[in-house]
Amino acid sequence: GNHTELKFILLGITDTPWAQAPLFMLFLLIYVVTLAGNIGLMVLVWVAPSLHTPMYFFLAHLSLADVCYSTVISPKMLAALLFGDKTISWAGCVTQFHLFAVFATAECHLLAAMAYDRHVAVCHPLRYVTAVSPRACWQLVAWSYLVASLSALIYTGCTFGGSFCGPRRVDHFFCDAGPVLRLACSDTRGSEAAIFALAAANGLGTSLAVLLSYGRVLRAVLGMRSAPGRARAFRTCASHLASVCVFYGTLLFMYLQPACRHGSRDKVASVFYTVVSPVLNPFIYSLRNKEVKAALGK
């Protein structure tokens, strides 16, 4: 009952007055481009028969995850920068964190599914049709959302299950686990350990699958006889790995460090996986591909 009356104050990225307007314009531009790029890609995959392949099926769901967790965070952040209203209700805070946890965790598993798809396509092309069948694609996507939903329930329960006291000032631009747990009155060591273990299982497990898959792809690429084809494939893999490293590196930095080491750098790291990564993914994974350009032209 008391929880429903709670209100938190999100301190935001910075409290410097002269920085509010430039940051608002920057993040508004990024958010608009994120929506346009990802929603445009989803529509394109849906209407273009040439893109009805496993790779673009996974990319469409990756775009959906990007749109969803960007929309969970960015509008509230933009409103705080523009109007200065930094309060958020307990229910709003719980909802924001839970939805963010669902779609961010789903993205980890979708990136692993995409890496598996590329590994089979390059290293085992004769088995591709059977190994990455439509049924297998739906199973991988369903698994991603199922694991993400169950994990998010645990993350949310551990974060908001205790009692809160003090100033209720969340030193972040959205309701994240670490800053919220620092406001709890009760002992949070068990919750922090559970979040750490689950984040390690989801983050390290899927990142290891991504790195192993792309490692085998790169080994196959380096064995190609055609120098132009090798260079083109290498550039593609390198750009994919760069995007993956930005997302996983900052995400794991946030959730796999001890609570005592959290500080001002957390906000910078969070900007990369909540704001920068969603706007980069359509350009890195799709808009540089000939198939997407041809479908867009038609």
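Using the three backbone atoms N, Cα and C, a Cβ is placed for every residue, glycine included.
All TrEMBL annotations are machine predictions without curation.
Taken from TrEMBL, the feature domain 'G-protein coupled receptors family 1 profile' applies to 37-285.
For the transmembrane segment (23-48), the residues of the chain that approach it from at least six positions outside its boundaries are 13-14, 56-57, 59-60, 63-64, 66-67, 70-71, 74-75, 77-78, 81-82, 275-276, 278-279, 281-283, 286-287, 292, 295-296, 298, judged by C-beta separation under 8 angstroms. Annotated transmembrane segment per TrEMBL: 23-48 (among others), in sequence order.
Same-chain neighbours of the transmembrane segment (55-77): 10, 12-13, 27, 30-31, 34-35, 37-39, 41-42, 45-46, 88, 96, 99-100, 102-104, 106-107, 110-111, 113-114, 117-118, 121, 137, 140-141, 144, 173-174, 274-275, 277-278, 281-282, 285-286, 291, counting only residues six or more beyond its ends whose CB sits under 8 Å from a CB of the stretch. Per TrEMBL, transmembrane segment is recorded for 55-77 (among others).
Marked as transmembrane segment by TrEMBL: 97-116 (among others).
Annotation comment: TrEMBL describes 136-155 (among others) as transmembrane segment.
TrEMBL lists 193-212 (among others) with the feature transmembrane segment.
The transmembrane segment annotation in TrEMBL covers 233-256 (among others).
Residues or ranges marked as transmembrane segment by TrEMBL: 268-287 (among others). Outside the transmembrane segment (268-287) by six or more residues, the chain places 13, 27, 30-31, 33-34, 37-38, 40-41, 56, 59, 62-63, 66-67, 69-70, 73-74, 100, 104, 114, 172-174, 176, 239-240, 242-243, 246-247, 250-251, 253-254, 293 with a CB less than 8 A from a CB of the stretch.
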